[in-house]
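Here's what TrEMBL has on this protein:
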SIGNAL    1-26  signal peptide
DOMAIN    54-106  domain 'Trichome birefringence-like N-terminal'
DOMAIN    107-372  domain 'Trichome birefringence-like C-terminal'
């Protein structure tokens, strides 16, 4: 009796073992497609992604590339007058043909259809000052040529403007907020910068899928062109404050808003570092410059960039840093210089060494931005 019971138990165990073996074989057969060419495609995609993640965009050099620029300024209707340097009389055009080449890797060439496909049914908003507007115009010109004329439009609402690619349900927007925090008029028409208030600006950003910020230049204007008369933080009012202390407090207000109001599963946030100015020596550092510097003999990290990195490091929300400062510092040749007037561009009383000619340097920033997305 006992032996019969043991035999029955052994047969049951053997049957169970056989069924498990068969099901394992079935699973192996069902997953055998991974051994086809598809795994090669997967590996290619993964290796491309990994190589981009390992790519240090910050370290590199400018190389002359005859296949640039990526669009024609004469056919893009969205460029503002001050950055169309060719129309304003600039005699050379080599500044349009330089491409940033990181050491050991390449930034993928901008593909307008690929970008719009990636941004389908999304809002991408660039927030900041006139140099961010410079970058917005670049990005719109990079994509607009693949969108039929009757399927694109630009709308304006408050401090924002938006380019709409209707078939993709994509909008590329710019929001004017050069200090990020709120600058208001007070008693006696005084300009009061509220270091702890941001919602009046931030209400325009809330629903964007991709947010790209910059803020530096308005914090560091010279005393003659200062952006405010008084600073206010809570109930504390100050006429003078160390610029970098004020900048840090303003950025902390921005960081707190991002941490509390955005969901990293729904929104991507990128902060672009400050665009360098070449306007020392009375603004003539960029005048008649025709090619980039080969390297920086004494690379300088502006204090604003160090403050920004410190604030981002303490955030809960994963903010990506787009560091364009060092690479752009080599491009003294890329500014409008005296070629910023509506025609002729021969006002030799001043030179714009802060903004950028388009096509030009901001196109490379947008190629980096596209790679980061």
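Indices start at 1 and increase along the chain as displayed.
Glycine too: its Cβ is placed from the backbone N, Cα and C atoms.
Confidence in the domain 'Trichome birefringence-like N-terminal' (54-106), given as mean pLDDT, stands at 93. As a summary of secondary structure, the domain 'Trichome birefringence-like N-terminal' (54-106) carries 7 helix, 10 strand, 36 coil according to DSSP.
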